[in-house]
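Q: This is the structure, below, for whatever I ask next.
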Amino acid sequence: MPRTYDEECSYIERITDVVYRIKKGFVPNMNVEGRFYVNTALEKLMFEELRNACRLDGIGGFLPAVRQIGNVAALPAIVNASIGLPDIHSGYGFAIGNIAAFDVSDPDAVVSPGGVGFDINCGVRLIRTNLSEKDVQPVKEQLAQSLFDHIPVGVGSKGIIPIGAQQFEECLEMGMDWTLREGYSWAEDKEHCEEYGRMLQADAAKVSPRAKKRGLPQLGTLGAGNHYGEVQVIDEIYDEYAASRMGIDRLGQVCIMIHCGSRGLGHQVATDSLVVMEKAMKRDNIIVNDRQLACARINSMEGQDYLKGMAAAANFAWVNRSCMTFCARQAFAKVFNTSPDDLDMHVIYDVSHNIAKIEEHLINGRPKQLCVHRKGSTRAFPPHHPLIPVDYQLTGQPVLIGGTMGTCSYVLTGTEQGMNETFATTCHGAGRALSRAKSRRNIDFQEVLNKMQAMGISIRVASPKLVMEEAPESYKNVTDVVNTCHEAGISKKSVKLRPIAVIKG
C-alpha cells in the first residue's frame with residue numbers, strides 16, 4: 001500500500017532555515033541519509049512535487065526529486081549523504097542537482113552514468129572585456145547578429161572547425177591542449193578552466209564509433225535546449241576583492257557567457273554505457289531501487305571504461321567551449337574593429353555542471369579518495385585549494401551560475417563550509433519548475449520574444465519554437481537558488497550579471 005503524503009513527510013525534517021534531512025526508511029535500503037537545501041519559495045515546489053506524486057501513485061515518467069535523493073542514498077558505498085541542491089528537479093536516475101560521493105577504496109563503490117547525465121560536461125564559460133554597456137548599446141543588434149553568424153547554433157548545427165577523424169581522436173584525448181596547439185585558445189585560457197581543460201584519463205578508444213560520428217560534425221557548435229551565448233553586463237558587485245581578481249572592476253562592464261556541452265557525442269557515451277552496465281549489474285549482483293540508476297563497480301572494467309569515455313566526452317565539451325570562445329572573440333573584433341587582445345577578452349573561468357571525478361575529501365577527519373558525481377551542480381573549491389589557479393587562491397574557485405533566458409546570472413566563490421558539507425559543490429543554475437512539454441503547452445513563443453525585447457535584450461534564435469521551453473516562467477528563480485546557497489554557506493556571492501543580447505539554438 002503506497003504511503004500518503006503526510007506519511008512521506010514524516011521522514012523529512014527541517015534542520016535549519018535552508019536545510020532539510022531525509023531520514024533512512026523514506027525509500028528501501030538507504031545506506032545514508034538524504035539532505036536538501038531550499039528556502040521558503042523553493043521548499044513549496046519541492047513538497048508540491050511530492051504531493052502530486054503521492055496523488056498519482058507513481059503514474060508518469062519521473063519520480064519526484066525528494067524520492068530520487070532517497071534512491072541515490074541506497075546506492076552501494078555512498079558516503080555521508082545523498083545531497084540535493086536548491087535548483088534540484090527530477091531527472092534520469094539521479095535528480096538534476098543531486099550530488100553523491102563514493103569511497104573508491106571500497107570494493108562495492110559504484111559509478112553511475114545517471115549521476116553525470118546525458119550532456120557530459122555541460123558547463124559554462126565566462127569571458128570578460130574592457131568594454132562598458134555604453135560602448136555596446138549603439139551596436140547591440142549588430143553584435144548579436146555577428147555572434148549568431150560566427151557561432152553555429154541549433155539542433156542540427158554543423159561545426160565550422162575543419163577536422164578529420166584522426167585529429168578528432170586527438171581532440172578527445174587532449175582537450176584544450178588540442179585547441180591551444182591548433183590556435184583556437186590562448187595559453188592563459190587553460191589556466192582558468194576546471195581540470196585545466198583536459199581530463200588526463202580520457203581514452204578515445206572507449207568512445208564508440210557511433211558517438212564519434214555524432215560528435216565530429218558538431219565541434220564548435222552551440223546546440224539547442226538551454227544552451228546559449230549571452231552578452232552580459234555587471235549589474236551588482238557583492239565581493240569587490242573577488243571581482244577584482246576576476247578582472248571585474250566596475251558596474252556596466254561587458255562579459256560574454258557561453259553555456260554548452262558535449263552535444264550528441266556525450267549523449268551517445270551515456271547511452272552506450274547504460275547498456276553495458278545493466279549486464280555488469282546482473283553479473284555483480286548490484287541491486288538498485290530504480291533501474292535508471294544503472295551503475296558498475298568503479299574498479300570493474302565497465303566502470304573504468306565509462307570513466308575514460310566520460311573524460312573524453314568532457315574534453316570534447318571543453319574543446320567546444322574553446323572553439324566558441326574563438327568565434328566570440330572574432331565576432332567582437334569584427335564589430336569593434338580591433339583585436340580580441342585589445343578588448344581584453346580573457347576567460348574568467350570555465351566550470352562543468354555534469355561530471356564524475358576522483359577527488360580527495362576529508363571523511364571523519366581522514367583524507368579519502370572519492371568518486372564525486374555532480375549532476376546539475378558545480379564544483380566549488382575553497383580558498384587555498386591546490387587544484388584552483390593561482391589567481392583565485394585567496395578568493396576560492398569562481399562558480400558560474402547561468403540564469404534562464406532574459407534573467408540574471410551570478411558568479412559565486414567556493415567556501416570551506418561547502419568543502420566540509422557538500423563535497424565542495426554548489427548549485428548550477430535556476431533548475432526547471434515546468435517540464436519542457438508543459439512549457440510548450442502553456443507558453444507562447446512570440447510572447448517570450450516580445451518580453452525579451454521589452455526588457456531591451458537583443459535576441460537571435462535558430463529554433464523559435466523551442467524558446468518557450470526555456471522561458472523564465474519554466475524555471476525556478478535563480479536569485480532564490482543562489483541566495484539559498486549563500487545563506488547555507490556552501491558558496492558566496494561575488495557578482496551579478498544581466499543579459500543585453502542572447503543567441504540561442
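The chain as shown is numbered from 1 upward.
Each residue, glycine too, has its Cβ placed from N, Cα and C.
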Q: Do you know which of His192, His227, His346 Swiss-Prot groups with Asp119, Cys122 in the Mn(2+) 1 site?
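A: According to Swiss-Prot, the candidate sharing the Mn(2+) 1 site with Asp119, Cys122 is His227.
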Q: Just to be sure I read the record right: Cys122, His353 are listed as binding Mn(2+) 2 in Swiss-Prot. Which of His259, His486 is listed for the same site?
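A: According to Swiss-Prot, the candidate sharing the Mn(2+) 2 site with Cys122, His353 is His259.
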Q: How big is the gap, in Å, between the Cα of Gly229 (GMP binding site) and that of Asp119 (Mn(2+) 1 binding site), rounded to a whole number?
A: 17
Q: How many other Cβ atoms are found within 10 Å of the Cβ atom of His353 (Mn(2+) 2 binding site), counting all protein chains shown?
A: 26
Q: Write out, in the order they occur in the sequence, the residues of the chain not among Cys122, His259, His353 that have a C-beta within 8 Å of the mean position of the C-beta atoms of the recorded Mn(2+) 2 site.
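A: So the extra residues in range turn out to be Asp119, Asn121, Gly123, Val124, Asn226, His227, Cys260, Gly261, Ser352, Asn354, Gly402, His428, Gly429.
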Q: I'd like the number of other C-beta atoms within 10 A of the C-beta of His227 (Mn(2+) 1 binding site), please.
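A: There are 24 of them.
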Q: Quick check for the class: what is the C-alpha distance, in angstrom and rounded, between Thr404 (GMP binding site) and His227 (Mn(2+) 1 binding site)?
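A: That comes out at 10 Å between the alpha carbons.
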Q: Between the binding-site residues Asp119, His259, His353, Asn354, which lies closest to His428 (active site, GMP-histidine intermediate), Cα to Cα?
A: His353
Q: When you put Asp119 (Mn(2+) 1 binding site) at the centre and draw a 10 Å sphere around its Cα, which of the binding-site residues Asn226, His259, His353, Asn354, Gly431 have their Cα inside it?
A: His353, Asn354
